[in-house]
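Participant: Take a look at the following structure, please.
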Amino acid sequence: MALRWAMAHPVARFAVLLLVIAHAVMVGIMSMTPVHLGHEGEGLRIVGLVISLHILGMYALSPVFGWMADRAGPLRTALVGLIMLGASAALVFVGSASLAVVMAALILLGLGWSASTISASVLLAGVNAGALRVPLQGATDALMNYGGAVMALISGPLLAALGFGGLALVAGLLIIPAAAFGWIARRHRRAESVV
């Protein structure tokens, strides 16, 4: 019921989809990074460093992205998050053989996830869902985790079939529908502000 309501409201729909897609993109690339680095001959110290920097990217600038969502607006912050997620996927696609590129991409992936999840959460909290607010939040959290689980499940076969760059390309393509629904939400918000 709550998700049906959200799908009929452009801003809520975008918030739900952004949370699910950002999490799926992040999990898909991040979960196969240790496997890829192992295939490239890197040891556990390097793998640990790359994943630690990625997690730092996920959380270190959360207050900045919260401030940004407050000052510039959650839709603009969401755009920044999507751009960072896309740039991360593109970096992995073109430079998966370079440790420095993979490291930079994983930091960017964490930052993009952070900006996306914070802005989507702000958008979701701001919609007037009435009695559906709590069920909508719960359903969205569940969908976000299901999206991550599905991407984790298929990322291994994608890595085996397409390589790390191909996996990043597939994950990056998920950003396109999120951006399209973001554009629709932005137009809807503008139309509401005119009325």
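Cβ from N, Cα, C; glycine included.
Grabbed the feature section from TrEMBL, which reads as follows:
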DOMAIN    8-195  domain 'Major facilitator superfamily (MFS) profile'
TRANSMEM  12-32  transmembrane segment
TRANSMEM  44-67  transmembrane segment
TRANSMEM  79-107  transmembrane segment
TRANSMEM  113-131  transmembrane segment
TRANSMEM  143-161  transmembrane segment
TRANSMEM  167-185  transmembrane segment
Participant: Please report, as numbers and ranges, the same-chain residues at least 6 past the borders of the transmembrane segment (143-161) whose CB is under 8 Å from any CB of it.
Facilitator: 3, 16, 19-21, 23-29, 31-32, 35-36, 167, 170-171
Participant: Report, as numbers and ranges, which residues of the same chain sit near the transmembrane segment (167-185): CB under 8 Å and 6 or more residues beyond its ends.
Facilitator: 10-11, 13-15, 17-18, 21-22, 24-25, 28-29, 32, 75, 78-79, 82, 85-86, 88-93, 96, 105, 123, 151, 155, 158-159
